[in-house]
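Among the features that TrEMBL reports, domain 'Dihydroorotate dehydrogenase catalytic' is placed at 51-339. Residues annotated as FMN binding site in TrEMBL: A68, G69, F70, D71, K72, T92, N146, N179, K217, T245, G267, G296, Y317, T318. The substrate binding site feature in TrEMBL is assigned to K72, N117, R118, M119, G120, F121, N179, N184, N246, T247. Annotation source TrEMBL lists active site, nucleophile at C182.
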Amino acid sequence: MTLYSRVRPLAFTLPAETAHELGKRTLRGVQSTWPTRTALSYAYRYEHPALEVDLFDETFPNPVGVAAGFDKNAEVTHALAALGFGFVEIGTVTPYPQPGNDRPRLFRLREDEAMVNRMGFNGQGMERVKDRLERDGTPDVPVGVNIGKMNSSSESEAIEDYRRVFDRLSPFADYVVVNVSCPNTPEEFDEGSPAHLRSIFETLEAENDANVPVLVKISPDSPEESIFDLVDIVQAFDLDSIVATNTSTSREELKSPNREEWGGLSGKPIEDRSTAVVRSIAEYTDGDLPIVGVGGVDSAASAYAKIRAGASLVQLYTGFVYGGPSTAKRINRGLVELLERDGFASIEDAVGADLE
Ligand SMILES: Cc1cc2nc3c(=O)[nH]c(=O)nc-3n(C[C@H](O)[C@H](O)[C@H](O)COP(=O)(O)O)c2cc1C
């Protein structure tokens with residue numbers, strides 16, 4: 001029995017957001033001194049050469065990252081790296097601070113191993129995040145910065161929002177993700193329209209003298225034709241990758257009472273759908289476009305399924321909440337066993353193994 005399996009029932013008696021804040025406070029405490037941070041690395045990191053992935057001109061020590069939303073303001077990035085994650089995506093960061101939606105806005109669906117959130121881009125804004133990254137530095141694993149617009153922004157203001165956050169934070173980023181797929185921010189206009197996407201990418205291209213890899217994060221709810229339209233745009237602008245997927249508005253076959261809450265569904269129930277999106281993109285691009293697979297990853301088998309469907313990297317949020325601090329280590333150790341079982345020398349050899 002792990003410590004977390006004893007603490008979890010207690011933490012789960014608290015409202016989900018309060019438990020999250022407590023967890024983050026603990027991680028902040030642990031990362032604040034060198035000995036505690038080192039002890040965390042020692043206990044939780046799992047290293048193996050077969051797990052290394054070379055992508056975006058970086059070496060990822062393993063393919064299992066923390067998805068956006070967990071560390072919105074770059075407060076616990078070092079602790080997450082010490083917990084053995086191969087990369088950490090901070091954000092979504094907006095230009096100015098934003099309170100997000102009213103609480104409660106985060107719900108556990110325990111029977112479904114899922115969560116629903118309607119946080120609504122709450123965050124401290126890019127200046128606070130920049131100051132923190134300057135002060136604390138970034139950890140020894142790649143860090144992605146996920147960028148978004150203010151909830152109140154019009155279509156043209158949104159373009160300027162992305163430009164400003166990109167300009168401020170890309171110097172700290174190993175990659176930047178444009179998040180146009182949040183299902184719980186007000187819909188002032190169609191964020192996924194091809195014209196809007198083109199304007200964003202044109203603007204960022206003009207701003208990107210340092211050639212920071214740019215990715216776009218998509219919804220699991222888009223029909224296949226819109227996904228392919230987006231992939232065409234991604235390829236036309238020579239973007240580096242697609243993050244598939246964000247949370248879902250669907251509510252199929254859920255058991256938990258909280259299934260009625262509005263917001264984005266994450267965790268187990270979206271696993272297959274997001275893996276299917278990974279596979280569609282990989283097939284459509286003949287494996288030429290790297291994909292970051294996210295949605296319902298909570299075990300080596302679920303991470304491996306996304307990798308075999310075409311993902312070069314995977315991320316998780318909900319699986320970490322349910323699995324606790326040893327999640328990355330458990331998944332990475334299991335991945336090495338799966339690679340050995342199937343005769344692959346590395347993760348990179350297994351990417352897309354299930355494609356025709
Ligand atoms: C509470 C919460 C907040 C999130 N916030 C963001 C966010 O700010 N930006 C973003 O791109 N995705 C956000 N996500 C989506 C996750 O990054 C991820 O795409 C989604 O949860 C599916 O992965 P999972 O099943 O492993 O949780 C959030 C998810 C949760 C549960």
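A Cβ is built for glycine as well, from the same backbone N, Cα and C atoms used for every other residue.
Keep in mind that TrEMBL annotations are predicted by a computer and have not been checked by a curator.
Source: prediction; values computed, not measured.
Binding residues for FMN (A68, G69, F70, D71, K72, T92, N146, N179, K217, T245, G267, G296, Y317, T318) extend across at most 20 Å, taking the greatest CA-CA distance. In this structure the C-alpha atoms belonging to Y317 (FMN binding site) and N246 (substrate binding site) are separated by 11 Å. Among the binding-site residues F70, K72, R118, N146, the ones whose Cα sits within 10 Å of the Cα of C182 (active site, nucleophile) are R118.
Around G267 (FMN binding site), the same-chain residues six or more apart in sequence whose CB sits under 8 Å from its CB are L109, D112, E113, A114, M115, G296, D298, T318, G319, Y322, listed in sequence order. Listed in sequence order, the binding-site residues among F70, R118, N179 whose CB lies under 6 angstroms from an atom of ligand 1 come out as N179.
Restricting the binding-site residues R118, G120, N179 to those with a CA within 10 Å of the CA of N146 (FMN binding site) leaves N179, listed by sequence position.
Between the CA atoms of K72 (FMN binding site) and G120 (substrate binding site) there is a gap of 12 Å, rounded to the nearest whole number. Listed in chain order, the extra residues whose Cβ falls within 8 Å of the Cβ center of the substrate site residues K72, N117, R118, M119, G120, F121, N179, N184, N246, T247 are G69, T92, G100, C182, P183, T185, G263, G264. Between the alpha carbons (Cα) of A68 (FMN binding site) and N246 (substrate binding site) lies a span of roughly 9 Å. Put simply, K217 (FMN binding site) is 7 Å from N246 (substrate binding site) when counted between their Cα atoms. Around Y317 (FMN binding site), taking its Cβ as the centre, 20 other Cβ atoms fall within 10 Å, counting all chains. Close to G120 (substrate binding site) in the fold, though at least 6 residues off in sequence, lie Q98, G100, N101, R105, N151, N184, T185, each with a CB less than 8 Å from its CB. In the three-state DSSP reading, G267 (FMN binding site) counts as strand.
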